[in-house]
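TrEMBL has this to say about the protein:
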- 5-116: domain 'Tetrahydrofolate dehydrogenase/cyclohydrolase catalytic' (DOMAIN)
- 138-280: domain 'Tetrahydrofolate dehydrogenase/cyclohydrolase NAD(P)-binding' (DOMAIN)
- Gly163, Arg164, Ser165: NADP(+) binding site (BINDING)
Amino acid sequence: MGTILDGRALSKDLKLALGDKVQESGLEPKLAVVFDPTNDGSRLYVGMKQRAAAKVGIATEDIAVDPDVTTEAVLKIVADLNADDTVTGILVQAPLPEAVNDQEIFSAIAPAKDVDGLGAYNQGMLFGDQQGEYAVAATPQGVMTMLAHYDINPYGKKAVVVGRSQLFGRPMAALLNNADATVTLAHRYTPREMLLAELKDADIVVVGVGIPNFITGDQIKDGAVLVDVGMNVVDGKATGDIDFDSAVDKASFITPVPGGVGPMTIATLLENTYQAALNQNKQ
Ligand SMILES: NC(=O)C1=CN([C@@H]2O[C@H](COP(=O)(O)OP(=O)(O)OC[C@H]3O[C@@H](n4cnc5c(N)ncnc54)[C@H](OP(=O)(O)O)[C@@H]3O)[C@@H](O)[C@H]2O)C=CC1
Ligand SMILES: Nc1nc(=O)c2c([nH]1)NC[C@@H]1CN(c3ccc(C(=O)N[C@@H](CCC(=O)O)C(=O)O)cc3)C=[N+]21
């Protein structure tokens, strides 16, 4: 049976250490969270992020947008937060209402306050594998932290990332590439046979498409590392994109859902928020 990559336990340790760092720093980080309160997922995840922030000494301020809000109105909200010196980090929880172009909003966040690393500046730094201080998207960065914790080194490995969103797949592929894996980035238009051939050959598979049990044990190589980013609700329960029961015996390592990538995302967001406050204080 594969070893469980226990994101919940690791995130607890990270948050404990972070709480100490925040306290010792004397900083007062404040994270502004812009979100659509009519989206059930956003309400749930924003609530989780705020409770976790409070525990490590990071203040939050929520800014709920109206369902009929325009891109212009959200750009104004972001501009005001950029100009507010008491706000050290800004998180725009995706998705915002239909009419809003999320990517345009991410890129309007001042790079130093873009704690989710989703704006063009921070993503550009990541894609160029640039040196220096910049925030990396919390979900893929959390996955890398988890791999490192379990001594899983992507160097020289074949990695397949399924899903290519700005939030997950694109930065995930960039991080694995920067770590010297050979990376395939699959998506909706990857022919089924091509995807299956890639999966059979992959040492590391990271999946986030939003389809319950999209990947099954028979599709993967013996001893593969499986990371499940998917977060679906099936019969009221959090369910991933990997069919855990059929995959666990073939994998060398596997993340559970819940308790895998999700908690790592939150811990990483908080670390990014502390780091942003620290960097702003240096200037
Ligand atoms: N645990 C966590 O911390 C997080 C979990 N999530 C979860 O991860 C999942 C994906 O989220 P997100 O990236 O934001 O979602 P998006 O809807 O933005 O992206 C979904 C991606 O999956 C691809 N896709 C859809 N269908 C298929 C298919 N049949 N075969 C291959 N690829 C396919 C899409 O391809 P195309 O680009 O061609 O349309 C797209 O790139 C969701 O379940 C979400 O809840 C997301 C972020 C954080
Ligand atoms: N700008 C932005 N940044 C994000 O990071 C972002 C986003 N927008 N939009 C939506 C997705 C989704 N997401 C999750 C984070 C944690 C859990 C999480 O902790 N899940 C628990 C389970 C929760 C449950 O039981 O339902 C777990 O996996 O153990 C889930 C999902 C962050 N996202």
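Even glycines carry a Cβ here, placed using N, Cα and C.
Here the features listed in TrEMBL are painted onto the structure.
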residue	record	Cβ contacts under 8 Å, 6 or more apart
Gly163	NADP(+) binding site	Gly169, Ala186, His187, Val207, Gly208, Val209, Gly210, Val229
Arg164	NADP(+) binding site	Arg170, Ala173, Leu185, Ala186, His187
Ser165	NADP(+) binding site	Gly208
The domain 'Tetrahydrofolate dehydrogenase/cyclohydrolase NAD(P)-binding' (138-280) - residue tally per DSSP class, helix then strand then coil: 59 helix, 28 strand, 56 coil
Cβ-centroid neighbourhood (8 Å) of the NADP(+) site, Gly163, Arg164, Ser165 excluded: Val161, Val162, Gln166, Leu167, Phe168, Gly169, Arg170, Leu185, His187, Gly208, Val209
